[in-house]
């Protein structure tokens, strides 16, 4: 028993320096972050609607007896499913104290059976587009504002401490979601999640770029890490909707909180976040990176591709409740095809994109996103959403798995190979999509309708696609070109950082990979 314990401790000690274990930590952090991001998608619209109408339903029950005139009788007809009201000559009192004289008349009231899950033609439901959109956008807005600071922080103190801070904040946010019973507390929990997400995503992607220094090799681990994001998006909505309907609102968040604790324990042991590990060289200033047109094109692709699904998240469940009479569990399951296809897309094109050209992969992805989004309003039921949602997810997977590695490649090619700031920009682009998408999407859906909302974002994605052509062969800066000519190596980029890899170093079993 003691020998097995020693073997386990030795394995853990050796694994601490493994790139694969670091990849697993980033994968798990992105998985849980995006599960929390999407688990609220089917819960919040229905939960806010139920909170708002609990009071209204109580008031209706107390006022309903006043509407019945004592001299009236009702006869239900099974022939045509209608109710005939027969009233005699009498004077009754209507709500508000108004006097009303009834005569002997017959009023036929058609009985239409409307499911309780189908609040169509409800003005409150239409207005909820804006409220839900702002709630969803708050996380991305806070993350958008926090990312530049996290990028600079990682350059100064390294990646482990911000990574662990992201875990702590996400745990607090998850518990707040579980026990929040008002819109204000939900808004605070969602905003707090934005800070935690910023720490996890910027530090995580920067950490991967620093340990996988070869451009061709880097695509695969980043595709796997984005697979964690995809898994979170995949599992979140159905996981949340099923537990919400059959267990309650608190259940999905408590399960997530337990998983987040597990992630924190692994980070604490492997990354040792108490140690400050600054970068060995000074990175390119954030303002300089923001002036690079090639970085801006890559960031724009990430932003507009993800803006499509971000607009769908608050608007699609409400549109389904209004037009399809969808049940609670269906509101989350509708996103399942997009989530599955995103997972497929990131894993396939994480490897394939480098061979076919990342610019071409992103260009095709933007076009497919636009076409798929344009098809969504034509769906008449939940089955009609399968194909377009599958196309949306698959295409966004193409874009993300192409553009995330190319951000690191552009820094290697044109700037100093320090990755915190450039992945802060990538995450800012992602967050802009998720900040502008829900907030603007909710307002547009309320003003001109859901179909026009889909038309607008679909056209924007297709129009942006040709700009990806400029990423086909981005030029190197003069000093970088001199290095390339000296080493006579126009493709491999690993010489830029192979002497500056941080101390989550490569294990003995993997040193041969970097030779």
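Using N, Cα and C of the backbone, Cβ positions are placed for all residues, glycine too.
Annotated features in Swiss-Prot:
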TOPO_DOM  1-20  topological domain 'Cytoplasmic'
TRANSMEM  21-41  transmembrane segment
TOPO_DOM  42-130  topological domain 'Lumenal, vesicle'
CARBOHYD  56  N-linked glycosylation site
CARBOHYD  80  N-linked glycosylation site
CARBOHYD  81  N-linked glycosylation site
CARBOHYD  89  N-linked glycosylation site
CARBOHYD  111  N-linked glycosylation site
DISULFID  118-325  disulfide bond
TRANSMEM  131-151  transmembrane segment
TOPO_DOM  152-160  topological domain 'Cytoplasmic'
TRANSMEM  161-181  transmembrane segment
TOPO_DOM  182-190  topological domain 'Lumenal, vesicle'
TRANSMEM  191-211  transmembrane segment
TOPO_DOM  212-220  topological domain 'Cytoplasmic'
TRANSMEM  221-243  transmembrane segment
BINDING   229, 233, 306, 309, 313, 335, 342, 400, 434  serotonin binding site
TOPO_DOM  244-249  topological domain 'Lumenal, vesicle'
TRANSMEM  250-272  transmembrane segment
TOPO_DOM  273-292  topological domain 'Cytoplasmic'
TRANSMEM  293-312  transmembrane segment
TOPO_DOM  313-329  topological domain 'Lumenal, vesicle'
TRANSMEM  330-353  transmembrane segment
TOPO_DOM  354-358  topological domain 'Cytoplasmic'
TRANSMEM  359-379  transmembrane segment
TOPO_DOM  380-390  topological domain 'Lumenal, vesicle'
TRANSMEM  391-411  transmembrane segment
TOPO_DOM  412-415  topological domain 'Cytoplasmic'
TRANSMEM  416-436  transmembrane segment
TOPO_DOM  437-441  topological domain 'Lumenal, vesicle'
TRANSMEM  442-463  transmembrane segment
TOPO_DOM  464-515  topological domain 'Cytoplasmic'
MOD_RES   512  phosphoserine
MOD_RES   514  phosphoserine
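In the three-state DSSP scheme, residue 325 (disulfide bond) is classed as coil. Put simply, residue 325 (disulfide bond) is 17 Å from residue 313 (serotonin binding site) when counted between their Cα atoms. Binding residues for serotonin (229, 233, 306, 309, 313, 335, 342, 400, 434) extend across at most 18 Å, taking the greatest CA-CA distance. Look at the binding-site residues 342, 434 and count other Cβ atoms within 10 Å of each Cβ; 434 has the fewest. Every protein chain shown contributes to the tally, and the Cβ of residue 313 (serotonin binding site) ends up with 26 other Cβ atoms within 10 Å. Within the same chain, the transmembrane segment (391-411) packs against the transmembrane segment (330-353): three or more Cβ pairs sit under 8 Å, each pair at least 6 residues apart. Packing against the topological domain 'Lumenal, vesicle' (244-249) from elsewhere in the chain are residues 42-43, 46-47, 178, 327-329: each is 6 or more residues past its ends and has a CB under 8 Å from a CB in it. When Cβ distances are compared across the two stretches, the transmembrane segment (161-181) makes contact with the transmembrane segment (21-41), since 3 or more pairs at least 6 residues apart fall below 8 angstroms. In the structure shown, the C-beta of 229 has more C-beta neighbours within 10 angstroms than that of any other entry among the recorded positions 229, 325. Ranked by the number of CB pairs under 8 Å to the transmembrane segment (221-243), the listed stretches 21-41, 191-211, 293-312, 359-379, 442-463 are led by 21-41. Nonlocal intrachain contacts for the transmembrane segment (250-272), taken as residues 6+ away from its ends with a CB within less than 8 angstroms of a stretch CB, comprise 12, 15-16, 21-22, 25, 28-29, 32, 35-36, 39, 43, 159-160, 163-164, 167-168, 170-171, 174-175, 177-179, 239-240, 243-244, 504.
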